[in-house]
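*Asks:* The structure's right below; bear with me while I get my questions together.
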Amino acid sequence: ADGGDAELELSAVRHQPEGLEQLLAQTKFTKKELQSLYRGFKNECPGGLVDEETFKLIYAQFFPQGDASTYAHFLFDAFDADRSGALCFQDFVVGLSVLLRGTVHQKLKWAFNLYDINKDGYITKEEMLEIMKSIYDMMGRCTHPTLRDSAPAEHVELFFQKMDRNGDGVVTFEEFLETCQKDEDIMSSMQIFENVI
């Protein structure tokens with residue numbers, strides 16, 4: 001019986017992330033949830049780090065009908081908070097906690113960071129168009145009804161009409177936050193973002 005107990009204890013240790021207490025404090029996951037997420041992470045990434053190419057391969061499995069590589073690139077950058085070029089379990093689980101259990105403010109901050117490709121504190125039309133094109137590419141051409149080629153640009157124009165409050169051609173986080181919190185249509189359109197995470 002002692003051998004079985006030792007094996008069970010060793011198995012539990014293998015499936016426990018380093019810094020578990022810190023992750024419990026940083027995220028809104030329970031200990032069991034963190035252990036389960038860690039098992040899945042280690043299963044997909046036994047080395048403990050995910051580079052961008054591996055991330056793209058994993059992410060592409062969820063969108064076989066389209067090309068998810070560009071969107072996965074933007075998503076990888078948003079998860080890679082320390083800009084190391086690789087995601088560790090902590091990067092992944094902290095981002096996931098915000099997306100799944102964060103406050104509206106935290107989720108919007110994360111979304112803004114995703115759209116702000118060059119991380120200069122502003123979303124430009126060019127950045128938003130790149131993101132929109134990547135989402136439409138990921139969804140594939142098999143959508144019903146079929147999407148027009150102009151759909152991403154039309155989406156960007158609508159976004160800027162609502163978001164760019166002072167008409168300066170860029171959207172700040174304050175404009176983004178204020179508009180999203182006041183406009184139920186925008187909050188519901190953010191569902192497309194949550195569905196592709």
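Quick reminder: no glycine exception, Cβ is built from N, Cα and C everywhere.
Whatever TrEMBL says is automated annotation, not expert-curated.
These came from TrEMBL, pasted as-is:
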| type | residues | note |
| --- | --- | --- |
| DOMAIN | 67-102 | domain 'EF-hand' |
| DOMAIN | 103-138 | domain 'EF-hand' |
| DOMAIN | 151-186 | domain 'EF-hand' |
*Asks:* Provide the three-state DSSP residue tally for the domain 'EF-hand' (151-186): helix first, then strand, then coil.
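*Replies:* Going by DSSP assignments, the domain 'EF-hand' (151-186) contains 26 helix, 3 strand, 7 coil.
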*Asks:* For the domain 'EF-hand' (103-138), jot down how many residues DSSP puts in helix, in strand and in coil.
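*Replies:* The counts are 26 helix, 3 strand, 7 coil.
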